[in-house]
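A.B. asks: Submitted below is the structure of interest, expressed as structure tokens.
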Amino acid sequence: MSVAVSTSAPLPPASDTNMVTSTFSLVDYVVFVLLLVLSLAIGLYHAYRGWGRHTIGQLLLADRKMGCFPVALSLLATFQSAVAILGVPSEIYRFGTQYWFLGCSYFLGLLIPAHVFIPIFYRLHLTSAYEYLELRFNKAVRVCGTVTFIFQMVIYMGVVLYAPSLALNAVTGFDLWLSVLTLGIVCTVYTALGGLKAVIWTDVFQTLVMFLGQLVVIIVGSAKVGGLGHVWDVASQHGLISGIELDPDPFVRHTFWTLAFGGVFMMLSLYGVNQAQVQRYLSSRTEKAAVLSCYAVFPCQQVVLCMGCLIGLVMFAYYQEYPMSTQQTQAAPDQFVLYFVMDLLRGLPGLPGLFVACLFSGSLSTISSAFNSLATVTMEDLIRPWFPHFSEVRATMLSRIIAFGYGLLCLGMAYISSQMGPVLQAAISIFGMVGGPLLGLFCLGMFFPCANPPGAIVGLLAGLIMAFWIGIGSIVTSMGSGRAPTPSNGSSFSLPSNLTAVTMATLMPSTTISKPTGLQRLYSLSYLWYSAHNSTTVIVVGLAVSLLSGGMRGRTLNPRTIYPVLPKLVALLPTSCQKRLHCKTHSQDLSVDTAVFPEKVSNGMLRGSRDKEAVDVPEEGPAHQGISPTFIVQETSL
């Protein structure tokens with residue numbers, strides 16, 4: 001089935017009986033409260049274990065002693081929000097299984113961080129990912145990156161707290177502000193007091209609850225409609241099982257190329273350079289453990305994607321036999337799954353509560369990661385560089401205060417979200433719009449030794465302008481034409497396995513019979529290409545400005561901040577090909593050695609490709625704390 005041409009399969013007929021909003025039984029409330037109590041208990045246990053002896057390293061990086069398993073589950077949980085749990089099944093129900101091919105992007109989307117980003121970040125012994133930007137460029141670029149990230153996450157955490165609570169309130173009658181306040185307060189307490197270790201271990205518990213809640217829905221639902229085989233047959237008969245759509249058009253919402261390759265850039269913006277994920281890599285006890293945790297996320301992501309897709313198919317088969325009520329047919333897409341679960345699990349005490357606990361687990365894990373990463377970048381990038389002589393006690397206390405402050409800000413953002421109305425869509429979309437330019441900024445620094453600070457700043461600004469231009473332009477165009485901004489080219493809260501994809505989907509204008517032209521054509525670019533488009537803009541503009549401003553000539557270049565792309569590629573060629581192309585391997589090319597392999601240089605001196613002398617620069621300042629001595633090239637021909 002071509003998702004580009006067809007919309008979802010027809011909705012089943014509605015029953016004449018209006019559905020009464022479902023209510024929780026006492027057992028459901030007990031299950032839900034248990035989730036909150038256990039999450040808080042795990043966080044407080046790690047907070048009070050060793051209270052008074054905590055250092056800033058223990059609070060922000062779990063003392064760099066975390067194992068592979070908890071880090072992997074925490075990586076998975078960080079962007080597996082309640083929005084995603086509600087969104088993926090709704091996407092499958094409405095548009096078919098084409099979205100399933102997003103799983104193809106997970107391979108490169110996790111392999112590249114494991115072998116490119118993690119080694120560089122880990123060996124530099126960073127605390128914040130944005131410290132890298134100062135080591136590679138300068139302090140101004142670091143501050144620009146940090147401020148961009150803070151803006152992104154502040155918008156994000158308010159929306160991810162409010163939106164699922166709103167959907168839950170509409171379907172179950174669960175008190176809106178009670179759920180918002182409960183989530184916000186529980187998260188704030190255990191994140192601020194327990195630090196990253198508390199966040200990671202509560203993530204582990206909450207991930208297991210998410211798996212269990214979704215598994216219950218699949219088992220009970222498939223049993224009621226005659227088994228998974230029948231579910232697949234019904235979906236096939238109604239054209240819901242999609243084939244491989246090989247249309248290369250980037251303006252088609254979902255094709256194999258869009259999902260498998262456009263999705264790689266989306267994954268890189270999340271698992272490669274996002275502080276919430278980088279912080280977990282850096283908390284691992286060894287670099288090997290960090291890489292293994294990234295590998296371990298791959299099968300977990302595939303399982304999560306499959307479970308979401310199966311819930312969507314089970315929901316479709318269920319409503320072929322049990323017609324929807326009028327209330328359900330008029331519901332927003334993000335409410336489909338909740339209505340289905342309340343229908344399905346009615347009469348089974350405790351199971352509706354388990355699914356709500358599953359949703360709240362998604363929100364808790366996502367919001368706590370946001371709090372912790374925001375506290376880290378604020379402390380390490382905006383405070384400690386200017387006040388480097390803070391004692392450990394004062395720094396630890398200040399970090400906790402900052403985390404509490406972001407918790408209160410999150411509640412404030414949730415309230416603002418409730419007052420925004422249609423503008424809420426734009427607020428949700430901002431998170432996705434910012435990820436691509438930040439990815440481009442890090443790639444510019446790692447892969448292009450000639451890139452300089454002016455190029456990095458101008459490139460980042462160009463990427464952000466491009467992202468907001470296309471994103472906001474798309475929303476304005478949709479509103480101006482009177483179309484609903486929840487079309488076949490995107491649906492609010494309706495698609496992906498992470499908030500970035502969901503938010504980008506809300507930007508897409510609805511599909512009409514005639515193809516859009518001009519700027520409207522640009523605004524219909526598939527949301528999965530947004531990260532690729534915006535990160536490429538940063539790189540192209542950044543390189544152009546860098547070359548026009550003299551590159552790195554006369555500036556210092558830390559060779560440990562560069563990933564040796566050319567030597568790696570040349571080393572893969574057969575020796576005969578290398579000789580035929582007059583290429584030298586990285587072990588033979590002196591100019592490459594001097595730029596990226598300082599460990600090969602003896603006697604404390606490094607020579608460039610033009611035999612320029614290099615200086616052994618002492619490590620000074622907070623940006624260099626914990627980094628082993630490196631040689632800085634005064635001038636390079638790369």
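The backbone N, Cα and C atoms fix where each Cβ goes, and this holds for glycine too.
No curator has checked TrEMBL annotations; they are predicted automatically.
In case it helps, TrEMBL gives these features for our protein:
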- 29-48: transmembrane segment (TRANSMEM)
- 100-122: transmembrane segment (TRANSMEM)
- 143-164: transmembrane segment (TRANSMEM)
- 176-196: transmembrane segment (TRANSMEM)
- 208-231: transmembrane segment (TRANSMEM)
- 251-273: transmembrane segment (TRANSMEM)
- 294-319: transmembrane segment (TRANSMEM)
- 354-377: transmembrane segment (TRANSMEM)
- 398-417: transmembrane segment (TRANSMEM)
- 423-448: transmembrane segment (TRANSMEM)
- 455-476: transmembrane segment (TRANSMEM)
- 527-548: transmembrane segment (TRANSMEM)
A.B. asks: State the residues, same chain only, that lie 6 or more residues beyond the ends of the transmembrane segment (294-319) and have a CB under 8 A from a CB inside it; answer 'none' if no residue qualifies.
C.D. replies: 9, 11-12, 68-69, 72-73, 75-76, 80, 84-85, 87-93, 97, 99-100, 102-103, 106-107, 110, 113-114, 118, 211, 214-215, 217-218, 221-222, 224-225, 228, 230-232, 234-235, 238, 240, 271, 281, 336-337, 340, 343-344, 497
A.B. asks: Excluding the flanking five residues on each side, which residues at least 6 beyond the ends of the transmembrane segment (143-164) place their CB within less than 8 Å of a CB in that stretch?
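C.D. replies: Beyond its ends, the transmembrane segment (143-164) has Cβ neighbours at 81-83, 86, 128, 130, 133, 180, 183-184, 274-276, 334, 359, 362-363, 366-367, 370-371, 373-374, 377-378, 381-382, 406, 409-414, 416-418, 424, 427-428, 430-431, 434-435, 437-438, 441, 457, 460, 464, 493, 499.
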A.B. asks: Using Cβ distances below 8 Å and needing 3 or more such pairs, separated by at least 6 in sequence, tell me whether the transmembrane segment (29-48) contacts the transmembrane segment (455-476).
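C.D. replies: By the criterion, they do not touch.
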A.B. asks: Counting Cβ pairs under 8 Å that sit 6 or more residues apart, are there three or more between the transmembrane segment (251-273) and the transmembrane segment (527-548)?
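C.D. replies: Stretch pair touches.
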A.B. asks: Determine whether the transmembrane segment (176-196) and the transmembrane segment (455-476) share at least three Cβ pairs under 8 Å, counting only pairs 6 or more apart in sequence.
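C.D. replies: These two stretches do not touch.
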A.B. asks: Counting only CB pairs under 8 A, let me know which of 100-122, 354-377, 398-417, 455-476 has the most with the transmembrane segment (208-231).
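C.D. replies: That would be 354-377.
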A.B. asks: For the transmembrane segment (354-377), give me same-chain residues lying six or more residues beyond its boundaries with a C-beta closer than 8 angstroms to one of its C-beta atoms, as numbers and ranges.
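C.D. replies: Distant Cβ neighbours of the transmembrane segment (354-377) are 24, 28, 31-32, 34-36, 39, 60, 74, 77-86, 127-130, 146, 149-150, 153-154, 156-157, 160-161, 164-165, 168, 172, 174, 179, 183-184, 186-188, 190-192, 195-196, 199, 202-203, 205-207, 209-210, 212-214, 216-217, 274-276, 279, 341, 345, 399, 402-403, 406-407, 410, 499.
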A.B. asks: Using Cβ atoms and a strict cutoff of less than 8 Å, what residues sit near the transmembrane segment (455-476) while being 6 or more residues removed from its termini?
C.D. replies: 133, 137, 140-141, 144-145, 148, 425-426, 429-430, 432-434, 436-438, 440-441, 444-445, 485, 504, 507-509, 519, 522-525, 530, 533-535, 537-547, 549
